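*Asks:* Got a structure for you, questions after.
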Amino acid sequence: MKSQPSGPGPESVSRDPVAAGAGTEPPPRPLRALTAPVRGRLTVAVGLQAVAALAGVVPFIAVSEIADRLTATAPADGDDLWPPVVLACAAGLVALVCGTAAGALAHVADNDLQLALRRRLARHIGRLPLGRLTERGTGEVKQAVQDDVSALHTLFAHTLLDVVAVLTAPALALAYLFTVDWRLALVGVVPLALGVFLFGRAMAGAATQMAEFGAALGRISAAAVEFATGIAVFKSFGRGRKAHERFVAATEGFADFFSRWVRTTLVSSTAAVLVVAPAVVLLLLSVAGAVFVTQGWTTGAALVPFLLLGPAVAAPMGVVGPRIQQIRAGQAAAVRVTELLHAPTLPEPAHPAVPDGHHVRLRGVSFSYDGRTDVLSDVDLDLAPGTVTALVGPSGSGKSTLASLLPRFHDVTAGTVALGGVDLRDIPATELYRRVGFVLQDVRLLRASVADNIRLGRPEATDEEVERCARAARIHDRVMALPEGYATELGTAVTLSGGEAQRLSIARALLADAPVLVLDEATAYADPHSEALIQDALSALAAGRTLLVVAHRLSTVRSADRIVVLEDGRVTEQGRHDELIAARGRYATLWDAQSSADDVREGSAR
Ligand code: ADP
């Protein structure tokens, strides 16, 4: 079953980080890069929207022309009025058609972009090291796939066209007003200029304030999480008030900051909104227009376009705030999505090979999460097929990290982990996961039926096989007590306890039938009955397999074929229980400490 004579040794493998799938540098302008595939359609949509906005101004100009002709010294007859009427109707129609087409095109382009982005994200996330996903949890993925893609939708399907419309229409209106009466047009520009000035003042220092705003919100959510997770502990020690003190302090801090910010910008931002308000602009133009007409500087008919179009000139200022906010949100979303898309993926095998047997061999393995401090240093370890190896050691000594290297949650920083003589990095993912299974403390159950949850590793398994594994994992009786037995949906009406979920995941691993298993033993079981059931389930799992157990309780490792003691990421002792006790080394000390702790617990339980 081997495609290569023997697995390459550590030195013989040359690993090119780029070919191997290391992350590439994100492009300098993420927004541009992301939209490249739909840029053509977006450009056409922008063009159509500009035409629509410009055409939308034309009927107002036509009405002004009609007013002008009707009030001329030689009043126009009906035939003279037709051309502007026809022009107004035609322009209105063009505005409607182009505006609708622009909106539709932008939405279609955006739809394709969303689909393509979500597919790219899903493909990429599927190739990320599992360790990365458990580290950051599902939050980052949900943010990118859902929230960030939605922010980009708002930007491309709505904000972009809005911005085009609010910039082009006033430009044409202003240009026309200058041709009618440049002095009155200058008056019409005053609110816009004032609005820009006041808005600029209100936004002064906005970048720092926004950063502080984000930080203050971050403090609130951190305090909220702390509050929610720690409340039980605080309450059980009779300090319920203490639990929410930090949360209250964070919210008060935020309220103080926010009211200070609002106070300093309130006057200028309110004034900015006021001066560009249509009623204010209309009032200004009416008064100025009346003066101009009474002084004989202009005609009454010339006032019409100012009253119709004047308010539109300053209007963009009124919507600039929310649009800037949407553009910033879109840019930030593009940065996050791009970063995720460029996160290093698990390198594809340079020389794909299939393992020969299930002997696991670690040689000179070092690993570092941050590239600076080694969490594991120079670990050599052999897991012979069909044996149980227990990893013990103080908390933080690197047990879980070492175990996570076998299912390739991370790749080693130095050295090799080989299965059946082949470096894990040369084993295609599907081949690896057929051979290496894992049961972790943090059991993930899907929102699916119990049977489907068990079937995850082998979807084609029959109902009988599912039940056989559930019985072996001591979860069958519990499943039968559920409202719809194996068809019961998990996560909605029914939630399993920690111990039950663990047994379900053991049933899942039994069915998947991987010959090598990594097991992170749960630290706390709800009750002795549940613990006994889990121990039974684990024995069923261990039969005939190569098992690596991260053992948090020494009582469960007594019968292991080999116990490996880790300290500060190094193997300091290994052997069988009796040998290690006789050696009176580190294991013996740990054993004594835990035995006396267990005695105390049992004593107090009596
Ligand atoms: P153990 O299982 O023996 O308690 P771990 O393997 O969980 O130890 O942790 C070993 C060291 O690695 C600890 O110092 C821990 O803080 C660090 N560590 C564990 N997981 C991560 C991670 N995802 N990112 C960075 N450091 C980590």
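A Cβ is built for glycine as well, from the same backbone N, Cα and C atoms used for every other residue.
Keep in mind that what you see is a predicted model, and the values were worked out from it rather than measured.
Got these off TrEMBL a minute ago, pasting:
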{"type": "DOMAIN", "residues": "44-329", "note": "domain 'ABC transmembrane type-1'"}
{"type": "DOMAIN", "residues": "360-593", "note": "domain 'ABC transporter'"}
{"type": "REGION", "residues": "1-33", "note": "region 'Disordered'"}
{"type": "TRANSMEM", "residues": "42-62", "note": "transmembrane segment"}
{"type": "TRANSMEM", "residues": "82-109", "note": "transmembrane segment"}
{"type": "TRANSMEM", "residues": "160-178", "note": "transmembrane segment"}
{"type": "TRANSMEM", "residues": "184-204", "note": "transmembrane segment"}
{"type": "TRANSMEM", "residues": "270-293", "note": "transmembrane segment"}
{"type": "TRANSMEM", "residues": "299-320", "note": "transmembrane segment"}
*Asks:* Please indicate, using numbers and ranges, the residues of the same chain that are 6 or more beyond the transmembrane segment (299-320) and have a C-beta under 8 Å from a C-beta there.
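*Replies:* Residues 57, 60-61, 63-64, 67-68, 70-72, 162, 166-167, 169-170, 173-174, 176-177, 180-181, 184-185, 188-189, 191-192, 195-196, 199, 272-273, 275-278, 281-282, 285-286, 289, 292-293 contact the transmembrane segment (299-320) from elsewhere in the chain.
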*Asks:* Counting only residues 6 or more past its boundaries, what in the same chain has a CB within less than 8 Å of a CB in the transmembrane segment (160-178)?
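*Replies:* Here the qualifying positions are 42, 45-46, 49-50, 52-54, 56-57, 60-61, 102-103, 106, 184-185, 188-189, 305-306, 309-310, 312-316, 319, 323, 327.
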*Asks:* By a Cβ-Cβ criterion of under 8 Å, what residues six or more beyond either terminus of the transmembrane segment (184-204) are in contact with it?
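*Replies:* Beyond its ends, the transmembrane segment (184-204) has Cβ neighbours at 174, 177-178, 265, 268-269, 271-272, 275-276, 280-281, 284-285, 288-289, 292, 298, 302-303, 306, 310, 313-314, 317, 320-321.
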*Asks:* Restricting attention to the domain 'ABC transporter' (360-593), give the mean pLDDT.
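*Replies:* The predicted confidence over the domain 'ABC transporter' (360-593), as a mean pLDDT, is 85.
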